[in-house]
Amino acid sequence: MISGERAQPDYPELAERIKQWGRELGFQQVGITDTELGNHERYLQRWLAAGHHGEMDYMARHGTRRTRPAELIPGTLRVISVRMDYLPPEVETTKVLGQPRRAYVSRYALGRDYHKLIRKRLASLAKRIEDAGGAYGYRTFVDSAPVMERALAQKAGLGWFGKNSMLLNPQAGSLFFLGELYTDLPLPVDAPFESEHCGSCAACQTACPTGAIVDDKVIDARRCISYLTIELHGSIPEEYREAMGNRVYGCDDCQLVCPYTRFTRASAEEDFAPRHDLDRAELLALFAWSEGEFLAKTQGSAIRRIGYERWLRNLAVGLGNAPWSRAVEAALQARLAYPSDLVREHVRWALDRQRRKQPIALSTD
Ligand code: SF4
Ligand code: SF4
């Protein structure tokens, strides 16, 4: 809620203290910006008009409330943008992508759902501001509302938009979460991150398995493995299934190849530590989970939102792409009667792929 009257604090001093408190609460960086997102609004409109959002209708649903913070939360004058690194220590990335019997789960989703943790920390930050300066209006967001989080972070000085459309920080890469605190406090703003440091690099565009980076900073979500494995509800178009390899929940390739990713610092947050061996599990082991196991093991995890059916769909594609083995074929066979057209169709595709590889595998056994 955005409030009316308050005593006038020293805003420049308060802004400095907010950044200090943010770091104490575990955010690696805090920046402050105003609510003017004109350029980003035009970019979003072009992206939507091109249909790049696929089934993500929610991207269009909120009109200008997404790009005009004060239309979403009346009275908003400033946005405090925060970032938090998430890569757990000693977690393999590209190595797992090269092991086709293992499942690759996007590294942000290995542990507990980040929304809760970041929302809690933002609430603590909001409380400290209130304790210092009295009641004020605010609302916190973590990737859950119509909020242009990367655009706001760029404006708040946290990084630039890479060609892969991720927010890149020269000292930290891009493996971090963003969160926002909308407020009616007239805090001094930080300088936006105007310079771009991709230069002639195009590693992300070259590495994208499905050619989803269709232009500088433009992702066609309909081709993106993150979208195909998480957002898409129906059948995964066959033309992308082979390129998915063993990526069963999200995709990090365009970040992993980025030269700035070498500056990633491991996160000390226990919540982000891998659960149930999700950083290294075999595809077969995950495909063997019953629905009850899926629900139990993904409790409090971002993975749960795709549900068991899409989990099996994605794993079936991974198994279709895995090297032939009797165990894989048997596991797929056992799912042929699963009561879901979606799952059965992907299982049939995977079995077909396995059988085509069988003679080659047998002849080299
Ligand atoms: S997440 Fe994967 S599929 Fe999507 S743009 Fe990046 S590399 Fe391509
Ligand atoms: S891989 Fe290269 S082009 Fe892509 S975002 Fe990173 S620096 Fe920019």
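Note that Cβ sites are derived from N, Cα and C of the backbone, with glycine treated the same way.
Quick look at what TrEMBL annotates:
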BINDING   ARG66, ASP143, ASN164, LEU167, LEU178, SER226, CYS251, ASP252  cob(II)alamin binding site
ACT_SITE  ASP143  active site, proton donor
DOMAIN    189-218  domain '4Fe-4S ferredoxin-type'
BINDING   CYS198, CYS201, CYS204, CYS258  [4Fe-4S] cluster 1 binding site
BINDING   CYS208, CYS224, CYS251, CYS254  [4Fe-4S] cluster 2 binding site
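Where TrEMBL records a feature, it is marked here on the structure.
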residue: ASP143; record: cob(II)alamin binding site; DSSP (3 states): coil
residue: ASN164; record: cob(II)alamin binding site; DSSP (3 states): coil
residue: LEU178; record: cob(II)alamin binding site; DSSP (3 states): strand
residue: CYS208; record: [4Fe-4S] cluster 2 binding site; DSSP (3 states): coil
residue: CYS224; record: [4Fe-4S] cluster 2 binding site; DSSP (3 states): coil
residue: ASP252; record: cob(II)alamin binding site; DSSP (3 states): coil
residue: CYS258; record: [4Fe-4S] cluster 1 binding site; DSSP (3 states): coil
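A sphere of 10 angstroms centred on the C-beta of ARG66 (cob(II)alamin binding site) encloses 22 other C-beta atoms.
Per-site Cβ counts within 10 Å over the binding-site residues ASN164, SER226 peak at ASN164. Between SER226 (cob(II)alamin binding site) and CYS254 ([4Fe-4S] cluster 2 binding site), the C-alpha separation comes to 11 Å.
By neighbour count, meaning other C-beta atoms within 10 Å, the densest spot among the binding-site residues CYS204, CYS254 is CYS254.
Among the binding-site residues ASP143, LEU167, LEU178, CYS201, CYS254, CYS258, residues whose Cβ is positioned under 6 Å from ligand 1 are identified as CYS254. Here ASP143 (cob(II)alamin binding site) comes close to HIS115, GLU149, PHE177, LEU178, GLY179: these same-chain residues lie at least six apart in sequence, with C-beta atoms under 8 angstroms from its C-beta. Proximity to ligand 2 (Cβ under 6 Å from any of its atoms) holds for these binding-site residues out of ARG66, LEU167, CYS198, CYS201: CYS198, CYS201.
Checking Cα-Cα distances from CYS204 ([4Fe-4S] cluster 1 binding site) against the binding-site residues (ARG66, ASN164, CYS224, CYS251, CYS254) with a 10 Å cut-off leaves ASN164, CYS254, in sequence order. A distance of 20 Å separates the Cα atom of CYS201 ([4Fe-4S] cluster 1 binding site) from that of CYS224 ([4Fe-4S] cluster 2 binding site).
Counting in whole angstrom, LEU167 (cob(II)alamin binding site) lies 11 from CYS198 ([4Fe-4S] cluster 1 binding site) by their C-alpha atoms. CYS224 ([4Fe-4S] cluster 2 binding site) has a Cβ environment of 26 other Cβ atoms inside 10 Å.
Counting only the Cα atoms, the space from CYS254 ([4Fe-4S] cluster 2 binding site) to ASN164 (cob(II)alamin binding site) is about 6 angstrom.
For CYS208 ([4Fe-4S] cluster 2 binding site), the same-chain residues 6+ apart in sequence whose C-beta sits under 8 angstroms from its C-beta are ASN164, ASP253, CYS254. In the predicted model, the domain '4Fe-4S ferredoxin-type' (189-218) has a mean pLDDT of 97.
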